[in-house]
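Engineer: Quick one: structure below, then a few questions.
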């Protein structure tokens, strides 16, 4: 490990430790870059601590982490070498790091709460409360996403507005929106017939369908080890199906269809919006997809869920809580997308993937505690095997890149 101590600009002292011995090296820097090739020959080193020292040597050191690139070269952070008064600046940076850490923890908690909350509330409304209109419920979600997305982007400037540049791009987004509608509606329908625990077990097979569609549509082949990790994913669902006390065939088929549609949307998005001029971040994509989804869902709910608006208003006259349930549930559906974007922005896509694997397990436990649905040891073993397979699949994908 190498430690770099600033003695007096532009001179640095590098202290290397190894085999119980310490060596000191005088280094000079140019344009905020320090060459450590002679001191730290290993290209595997990713980070070194950077220490500030005073000429007097009596003040305590401050540190900031810097990355080491190939050949042992590091880039100094902004504001280095520190000038007079830099101790206050570094203290301020440390305080900002602490606040950013708490902000990230808050974001992750909000992401978990919104994801699990909308899932459980959907289950309560469609199954326990008796609101048997999944298409209308999905339309409420998409309406809220349309309005809140506009507020977040046009008024609050959460992200810069990206415009649709061509008619072709518009039709591509429309196709994605249609597949998105199918996945959400089918997912909500399945909650009428299946407990959340089994719904999450089936939903965990998304990587399997993603790999299948990627191969069928783009002929993209993964490494054999990646395909091998999908075996426990599918096997776990088969075991969970056999051991599920509340198994419902129609609900199972619809849940599988929802999972497949979710995977298909992911693959199509990578194909249709692959060019630099057509790429949209998830917030702008939702801004355009949600209103399109409302257009698709409105005739569907009027035809397939006859007089749903009148029935909802009649329910509201008897119990006003249904209105608050729908409003809160619709807002949660938007915050699922918002927190998904923010967590990815402030951490990484890999972090979100890991959190997603854990989210399913947390949702299962919470749903069992709330709804008291019966579970079997076989069913839980099957679900555990599926989650284990998903983790292996994520790791295999990461290593194959």
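Yeah, the Cβs are placed from backbone N, Cα and C, and that goes for glycine too.
It should be emphasised that the depicted structure is a prediction, and the values quoted were computed from it without experimental measurement.
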Engineer: TrEMBL tags one of 71-88, 377-394 as transmembrane segment - which one?
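Structural biologist: Going through 71-88, 377-394 one by one, TrEMBL gives transmembrane segment for 377-394.
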Engineer: Looking at the ranges 285-302, 303-320, which is given as transmembrane segment in TrEMBL?
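Structural biologist: It is 285-302 that TrEMBL annotates as transmembrane segment.
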Engineer: Per TrEMBL, which of 247-264, 265-282 is transmembrane segment?
Structural biologist: 247-264
Engineer: Below 8 Å between Cβ atoms, which of the listed ranges 133-158, 350-371, 377-394 makes the most pairs with the transmembrane segment (197-217)?
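Structural biologist: Selected stretch: 377-394, with the most Cβ pairs under 8 Å.
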Engineer: Are there residues at least six beyond either end of the transmembrane segment (377-394) with Cβ under 8 Å to its Cβ atoms? List them, or say none.
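Structural biologist: Apart from its flanks, the transmembrane segment (377-394) reaches 197-198, 200-201, 204-205, 207, 226, 229-245, 353-354, 357, 360-361, 364.
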Engineer: Taking pairs 6 or more apart in sequence, does the count of Cβ pairs under 8 Å between the transmembrane segment (102-121) and the transmembrane segment (350-371) hit 3 or more?
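Structural biologist: Yes, the transmembrane segment (102-121) contacts the transmembrane segment (350-371).
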Engineer: What else in the chain is close to the transmembrane segment (322-343), if you only count residues 6 or more beyond its ends and a Cβ gap under 8 Å?
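Structural biologist: Apart from its flanks, the transmembrane segment (322-343) reaches 107-108, 110-111, 114-115, 117-118, 121-122, 124-125, 129, 131, 137, 140-141, 143-145, 148-149, 152, 158-159, 281-283, 286, 312, 315-316, 351-352, 355.
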Engineer: Counting only residues 6+ away from its ends, which parts of the chain sit with a Cβ under 8 Å from the transmembrane segment (247-264)?
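Structural biologist: Sequence-remote neighbours of the transmembrane segment (247-264) are 179-180, 182-187, 189-190, 192-194, 198-199, 202-203, 205-210, 212-213, 241.
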